[in-house]
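For reference, the structure discussed in these notes is given below.
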Amino acid sequence: MDIIASIRAEALRLGFSSIGFTEARLPPEARARLDAFLAAGMQGEMGWLADRAAQRAQPKALWPEAVSVISLGLNYGPEEDPLAVLAQRERASISVYARNRDYHELVKSRLKALARWLLAQQGGELKVFVDTAPVLEKPLAQQAGLGWQGKHTNLVSREFGSWLFLGEIYTTLALPPAAPETDHCGSCRACLDSCPTDAFPAPYRLDARRCISYLTIEHRGPIPEEHRVAMGNRIYGCDDCLAVCPWNKFAAAHSEPAFAPRASLDAPRLAELAMLDDAGFRALFTASPVKRIGRDRFVRNVLVAIGNSASPALRATAQALAEDPDPVVAEAARWAAGRLETA
Ligand code: B12
Ligand code: SF4
Ligand code: SF4
């Protein structure tokens, strides 16, 4: 078996769904597009996207010794329609990626296992990354042949649709590069038209400040009023643009026990979530990515969903939080109670 075939076999054995190889180099367009995104302020409060833009846009600027990049994908395709819960207005929609364990740990442990194996087989030096490092993961994955950056800006795979988590191994080994994947969006614009907050100023461009994923996870302070109604009951992340992609019909559901929705996070009741104190919040979201946003930001999101529920029964829940010690929670509670009064 040649080196590429044996790395591929080991990656699949470790549980990765997809793998590709590319040079540790991105074309100047990647930097230009990142700069245009930042110049327009579309990163909002994610200042860390700008802080290390040079390293993000060019692998060798992050690690000069890097020669090749191994790009890896892990399928997290849902077993059921992830948008079905949006119609259940007294319940919460938590995005597919956050309904159980944090994917970062799983992907990282597999990247490390593959890296150890590769070191033993071939030597060289390497570094592993998933999500949080200054790495443009999607353009690298496209270059490595895993898929293409769709109009919703995420990587779409012919085999796994929009449901791949990405991770990388940068290595000093010279590995033969794969052919980059080409764009198969064609005239489709399903993702662009599905966005509740109109977050795409143009195909392939996302204004993060309007994206519900950003608003519910990254944004501190009150959620701008102009987006609250469109959020519906999405309280952590959003899957609309991913879920409508026609390439998902070729995808199989994931086979990871760690990604099967926990019963308590599968359409939980808004009334119960709103009443969580700090300890209750931490206990419910043990090992979940949701834990990162903390009780206050989480309850803020839940209150926006309560305001959108059109359920008079939830008005008392909102009112009970109107004097919350956290001013952002208190403001969201008053907004929700006011909406339900009108309802
Ligand atoms: C910041 C960030 C966010 C931000 C901003 C998203 C964004 N699109 O930039 C927010 C918080 C909104 C977010 C949301 C989500 N994220 Co996110 N996020 C990231 C992160 C950390 C950095 C992405 C980045 O560099 N953005 C900066 C902008 C400039 O980059 P970009 O979108 O790639 O912009 C490119 C396009 O504009 C393109 N472009 C511009 N013009 C043109 C024209 C043409 C013709 C073409 C082809 C391209 C093109 O070039 C730019 C540079 O590559 C990555 C992890 C990483 N390190 O890469 C995860 C990552 C992108 N996120 C991921 C996920 C799963 C999500 C969510 C689905 C989570 C959820 N369910 O709520 C949503 C999806 C929202 C969406 N439609 O993108 C996955 C995506 C996996 C995949 N298959 O692509 C990643 C890769 C994490 C991971 N390791 O798996 N995310
Ligand atoms: S994740 Fe939701 S809010 Fe963000 S761009 Fe996609 S559809 Fe729009
Ligand atoms: S929904 Fe259509 S336009 Fe959007 S990424 Fe999928 S194929 Fe491309």
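Using the three backbone atoms N, Cα and C, a Cβ is placed for every residue, glycine included.
Taken straight from TrEMBL:
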| type | residues | note |
| --- | --- | --- |
| BINDING | R56, D131, L155, L166, S213, C238, D239 | cob(II)alamin binding site |
| ACT_SITE | D131 | active site, proton donor |
| DOMAIN | 176-205 | domain '4Fe-4S ferredoxin-type' |
| BINDING | C185, C188, C191, C245 | [4Fe-4S] cluster 1 binding site |
| BINDING | C195, C211, C238, C241 | [4Fe-4S] cluster 2 binding site |
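Within its own chain, the domain '4Fe-4S ferredoxin-type' (176-205) has Cβ neighbours under 8 Å at 4, 20-23, 37, 42, 68, 142-153, 156, 158, 211-212, 215, 227, 230-232, 234, 238, 240-247, counting only residues six or more beyond its boundaries. The record assigns R56, D131, L155, L166, S213, C238, D239 to the cob(II)alamin site; their largest pairwise CA distance measures 25 Å. Neighbour counts of Cβ atoms within 10 Å were taken for the binding-site residues L155, C185, C238, C241; the minimum is at C185.
For the pair formed by C188 ([4Fe-4S] cluster 1 binding site) and L166 (cob(II)alamin binding site), distance between Cα atoms is given as 24 Å, rounded to the nearest Å. The binding-site residues considered are R56, D131, C195, C211, S213; of these, D131 has the fewest other C-beta atoms within 10 angstroms of its C-beta.
Closest to C241 ([4Fe-4S] cluster 2 binding site) in space, going by CA atoms and restricting to the binding-site residues D131, L166, C185, C191, S213, is C191.
In three-state terms derived from DSSP, L166 (cob(II)alamin binding site) belongs to an extended strand segment. Neighbour density at the Cβ, taken as the number of other Cβ atoms within 10 Å, is lowest among the binding-site residues L166, C188, C191, C245 for C188.
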